[in-house]
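> Structure in structure tokens, see below.
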Amino acid sequence: MEEDLHQIVNSCNYNGEDEEQGDPESNTLNQPLVKANRTLSSTPLALVGTKVSHIESLDYEINENDLFKHDWRKRSKTQVLQYIFLKWTFACLIGLFTGLIATLINLAVENIAGYKLLAVGHFLAQERYVTGLMVFAGGNLGLTLVATVLCVCFAPTAAGPGIPEIKAYLNGIDTPNMFGATTMIVKIIGSIGAVAAGLDLGKEGPLVHIGTCIASLLGQGGPDNHRLKWRWLRYFNNDRDRRDLITCGSAAGVCAAFRSPVGGVLFALEEVATWWRSALLWRTFFSTAVVVVVLRAFIEICNSGKCGLFGRGGLIMFDVSHVTYTYHATDIIPVMLIGVIGGVLGSLYNHFLHKVLRLYNLINQKGKIHKVLLALTVSLFTSVCLYGLPFLAKCTPCDPSIEERCPTNGRSGNFKQFHCPKGYYSDLATLLLTTNDDAVRNIFSSNTPNEFSMGSLWIFFVLYCILGLFTFGIATPSGLFLPIILMGSAYGRMLGGLMGSYTSIDQGLYAVLGAASLMAGSMRMTVSLCVIFLELTNNLLLLPITMIVLLIAKTVGDSFNPSIYDIILHLKGLPFLEANPEPWMRNLSVGELGDAKPPVVTLQGVEKVAKIVDVLRNTTHNAFPVLDEAEVPPQVGLGTGAIELHGLILRAHLVKVLKKRWFLTEKRRTEEWEVREKFPWDELAEREDNFDDVAITSSEMQMYVDLHPLTNTTPYTVMENMSVAKALVLFRQVGLRHLLIVPRIQASGRSPVVGILTRQDLRACNILQAFPHLEKSKGRKAH
């Protein structure tokens, strides 16, 4: 496993920076640019959860074989309405269940953390500081232990945020056990434990993963081993419709985390989804609308005091609509400065987090005990810092003019007494000895210019920078949103304090802008973040300056390294296809790329069973071109012996044929009714690639199979002289798994297909391994 992991981590040498190329059009495709000195090869291995797994691509393309065409022709209006109705029903159920689970998580976190902090406050009031530390650290260790053991022993894929794997899935990469029922249950319980333990983690990323798990389970009729065999569910027994449901689930998760319905839709569109259409937009928006209705209903219930310690908190909503913000033209300089700082710090955070995650990979390889010990060590360090650092801060006298109670050792409030005498409060304890949500509310608070001292803000900022780096990556469900918000709001408020009378912008607004800038500098999102922050703060006046900050931060961050999710995708070895091809890909044709691969394996339209068995045993390809002797009219002039490309047949369909023993004693084409009698159309959507348990007798080996009815007769093809850059754009935008290369010149005796490209073949790092001259020319142009 260590060797596999080492291969994954170093498969594409990430150098932490984007290179600028010169003019990529200086060479034409017809010139002998490069010669392949090795075979284009790649391994479909990736780090899924905490172990190396074989991964494969998803079949998003519609398989237009004879069975599909017949089913499509015979569908009645009632069946079409059933299909549409079920899509909208699932969109509603995704929003409903995501909203309910988000409410459950928030209630549990606020009550568990609240009672823990009340117990600590009781000992603080009695000046039993050591006992308070033991209760605080012990409670956090227990909660962390529960979250870690669940992840390590039952669902390793539940650790982390899950958003990179969701991006990979919607890009066309199947990640095993990522959306199962066990993963979802562990994610829910683990999120409650990790967040209530005071770790520098958010529940936003896990909520996105939980939303996609709900969507996947609904679409497939439940867990893998206990699926409902409901007749209507057959419509969703394919990767294409499951992709749409998971897109709705990701948007619902963001909406549940931030109570931001429009922001959730835009997050799915901007960050996770590779493929989009208008009908999907409407259903996604419907899902988020249902989520926000559920959350609003529970907020009304909890406002009446029926939710224990939940009260008005828990659902991250920093309402500043009652505050009138004013800013002038002179404020553009500090606003731009926040954007620049956010871009620089965001790229630095990505760089150091990349190093920490590689270190954690080495530790986690050593076994389950090491994973648990690592998480407990981080939890103990966090508890000691959160409890001990407030002793370094000076006590501040309470302002008699404020209406809020001061001081207090309760679970919330802006003025925590901690160890200070009566009438004084500790501003650092206000930020540290509370839940993460309340810490954000406190630091976002407006009209409080003197509440937090510069020294306390510095300690808070440095501490959360350290905790943000070393907490993410442990074996617990974790989100990146809240840690980045805490770091960004700290330096934003510090900058507001340094500006003093130079600016008219409130320090609370500086904290909001700082959080937005660091998120844009690390995650490289703009539109969705802008809307999320507007819906969080409920103040449209912030729109112009928020847009400026996000654009500057993203631009600065992009000049240093990729986004944090792209870095995690790379570390895990997931073959994610980027939207923009490398400029040097324009100088390489798909024909040259196909020549660097082993010869394409083809089958005849009516093929011998022995040949099919041999192909399945000796290759791992997922699809094979099907060729036929063409009946060419004499006037065409191709002569005899011409071959036509009938289409592409999937490996799963070949295995299905062998398992059903649909064999012919003579070499002939079958009738349409023969096929429909043996193969229901919805059955072909199931993945059937386990060939090991198929036993074929020697007499059956000499029989034949008619592949015509099961062959996709409309596969996507490209000419051999097309550039790799153009082929990559087509492959990604359409969501393909296979792309056939056809010759420019069709001639008698020449195969109509000269190669087949898959996702791994189009990855830049794999191409450069086979064509090292391209990397050398790239390096020269970069200088």
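Cβ coordinates come from backbone N, Cα and C, glycine included.
According to TrEMBL:
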DOMAIN    711-775  domain 'CBS'
TRANSMEM  83-109  transmembrane segment
TRANSMEM  129-157  transmembrane segment
TRANSMEM  178-199  transmembrane segment
TRANSMEM  244-268  transmembrane segment
TRANSMEM  280-298  transmembrane segment
TRANSMEM  333-352  transmembrane segment
TRANSMEM  372-393  transmembrane segment
TRANSMEM  457-487  transmembrane segment
TRANSMEM  540-557  transmembrane segment
> Residues sitting near the transmembrane segment (457-487): Cβ under 8 Å, six or more positions beyond its termini, same chain?
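Those are 50, 144, 147-148, 151-152, 156, 158-162, 186-187, 190-191, 193-194, 199-207, 209, 257, 316, 345-346, 349, 352-353, 356-357, 360, 364, 371-372, 374-375, 378, 381-382, 385, 389, 392-393, 428, 431-432, 436-437, 439-440, 443, 493-494, 497, 515, 518-519, 522-523, 564, in sequence order.
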> Restricting to the same chain and to residues at least six past its boundaries, which positions have a Cβ under 8 Å from a Cβ of the transmembrane segment (280-298)?
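Contacts with the transmembrane segment (280-298): 87-88, 91-92, 94-96, 98-100, 102-103, 244, 247-249, 251-252, 254-256, 259, 261-262, 264-265, 268-269, 307, 315.
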> Run the contact check on the transmembrane segment (372-393) against the transmembrane segment (83-109): 3 or more C-beta pairs under 8 Å, excluding pairs closer than 6 in sequence.
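These two stretches do not touch.
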> Taking DSSP states H, G and I as helix and E and B as strand, how many residues of the domain 'CBS' (711-775) are helix, strand and coil?
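Across the domain 'CBS' (711-775), the residues distribute as 25 helix, 12 strand, 28 coil.
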> Among 178-199, 244-268, 333-352, point out the range having the most Cβ pairs under 8 angstroms from the transmembrane segment (83-109).
244-268
> Within the same chain, where does the transmembrane segment (244-268) have neighbours whose Cβ lies under 8 angstroms from its own Cβ atoms, ignoring anything closer than 6 residues to its ends? I mean 6 or more beyond.
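Residues packing against the transmembrane segment (244-268) from afar: 87, 90-91, 94-95, 98-99, 101-102, 163, 166, 169-170, 179, 202-204, 207-216, 218-219, 236, 276, 280-281, 283-285, 287-292, 295, 315-317, 479, 481, 525, 527-529, 531-532, 535-536.
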